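Taken straight from Swiss-Prot:
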COMPBIAS  1-15  compositional bias 'Basic and acidic residues'
COMPBIAS  22-35  compositional bias 'Basic and acidic residues'
COMPBIAS  661-672  compositional bias 'Polar residues'
COMPBIAS  674-683  compositional bias 'Basic residues'
COMPBIAS  684-699  compositional bias 'Low complexity'
DOMAIN    160-583  domain 'Topo IA-type catalytic'
REGION    194-199  region 'Interaction with DNA'
ZN_FING   601-624  zinc finger
Amino acid sequence: MAKSKVVEKDKKNELDNQSADIELKGQSKNEESKGGKKKVIIVESPAKAKTIERILGNDYQVISSKGHIRDLPQKQFGVDLNSLKLDFEIIPGKESVVEQIKKMTSGKEVLLPSDQDREGEAIAWHLSTILGVKGKNIITFTEITERAIKEAVKNPREIDMNKVNAQLARRVLDRIVGYMISPLLWRIIKDARSAGRVQSAALKIICERERERYRFVPQKYFKVWIDIAGLKAYLTKVDGKKIKPTDITEEISKDVLQKVKSVRLVDIDVKEVRKNPPAPFITSTLQQDAASKLGFPVSKTMKIAQELYEGVDTKEGHTAFITYMRTDSTRVSDVAKEAAEKFILKNFGREYLNESSEVASKKGSKTKGKVQDAHECIRPVDVNITPEKAKELLDKDHHKLYELIWKRFIASQMSSAIYKQYSYDFESGKYVFEASIRERIFDGFEKVYTIDNEPSEKHKELKVDQEYLVEPKSAEAQTTPPDRYTEASLVKTLEMEGIGRPSTYATIIQTLLDRGYVVKKRKTLIPTILGFVVNHYLEQRFPDIVDKGFTAEMEKELDEVENGKKDWKEVVKSFLKEFNKDLERAKNEFFAIDFDTDITCEDCSGNYKLKVGKYGLYLHCPNCKTNKALKSDVFGVIDGNKLYVLEEQESQEENGEKNSVQSEESSANSGNRKFYRKRRTSGSKKSSTKSASSKAKKK
């Protein structure tokens, strides 16, 4: 099997090599036909090359390296742990690409556009090193527009080696963890694929949530309310004391149903509240919104966003639509602010302009640590390409994402929405019921960003000290366990914990899925038994690697390298000092996969044990010595030293799978109800209502 994969990989490399070779030769012929261009720009992707060449015309030749061209060796460690000298090699299959680039750039001025993150700077550094290019040859831009590109080529700069060093440190740390832990994993857990530095911390977060859900014991409580003038007023006080919904017992519920026949309105509070516009998108918030509103996986969002940034073929030519999509800054350039202001004034009026254009752009993200770079937010490159116009230029999914970005950006530059909030307190003996409702009096940014249903006006007829006939209602409910992570909520958690960076979120999730440590069911991320076993091993042998605090601290140190405050080699050596202790212990101490389970043996009624053998995880009965394969569709939780199998309680139809097309978050809500531990009771709700339909009547 491994040999087959190698052969397939070699064939793929050969095809990629031939494809790139043909492309570069074509570019060379094109150069000759134009009389030979003196300046060459090398970008990563053919799409970006096409867009930039259309902008710059005949003065520049723009060619593509088709991605990375140099990295640490695939089949060797490539790092001298004493000197930290790195043994880079041309990526297999890219040799002829490099040779062609060398020929085409010989004797010419070379410019290297760098994506505005560490990885982009490192790619430019690799290219400049291979080509022997020195001096000011780096150009940067956040959007592929005529203004931005022409401005960039006028102002080249030198390579930022602090950025490069931060990326080298990240690459070396990842290589150390992957190269040194993975063989130990393979020795103990045959099914395990590998262990990554940041992915392992993310796996632990997912496993901890599943364990938390397993340990959760539902608590029964009652919701008690009255319907009055289009409002739903809930019981909030008993004998003058605030009461939480979870503290409302069946006894209280029955007492309310029996005794409350009418209520008196004791207070109305009316106040004006402002709802501020959202900040423009950064990578993480775009991923979260695209998941919850469009149902896009993170990887799909980033793929489409990259294409919108680099440019897509339209009937009007190869056109870029958005700014750079890997960013953790909400900053908006002065040019973009001015364009948005003109658009808003023309289409909506002065009252829709943000009181301060800085408000939204100063919000930023809640990421622990620093924003990686003071770059721009994700926004449309031309606000005049409205979603309506873009619909004629883009396919369905590209248009959906563009519309999301366009609306978010325009909304961020608009004024606040203004609401009038009404709060009502109703009293009946020792019981107080509270209700509130908001009425929008000015839509502001919500004119483009959201559509709210108009509330009922009946509540305005209510008067203080008036008494109203009511028929209270009650419904039994249960507290629910914390939701499983979706891709969107995991990205939010990783961002808030300071784990990873915008460019890595999609890779982290995809790697866990590809390795079989996590599966996606109804848009929720569920750790597999293999994922739990791998996490258990890493927790026991390499606790720092899976510790989110430690991982976040490493990100801060990489930030300090980028800021020139720390030497990258010292950061790596400091990591190695502690890591080597765990590594030696893991090498020398015996570790066995031997978990008790709650799975019953069909032959002797004893309980199986979970073990690992030549072909991976299996079940073994210690009493009758029988073995049983562990099916891949079995899910469980390892808590302590025992595996508890989870059972599927609800059918797909009950989860609303029949005819609905759901977003990630709405799908996740049903998916989060799907697996429960064996001894947990069903979460069905019982209703107890005094009347199926009741209307508030003025007494």
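Don't overthink the numbers, they just go from 1 along the chain as shown.
Placed from the backbone N, Cα and C atoms, the Cβ positions cover glycine too.
Taking Cβ pairs closer than 8 Å, the zinc finger (601-624) reaches residues 188-191, 529-530, 533, 593-595, 630, 643 in its own chain, all 6 or more past its ends. Within the zinc finger (601-624), the DSSP-based counts of helix, strand and coil residues read 0 helix, 12 strand, 12 coil. The region 'Interaction with DNA' (194-199): residue composition by secondary structure is 3 helix, 0 strand, 3 coil, according to DSSP.
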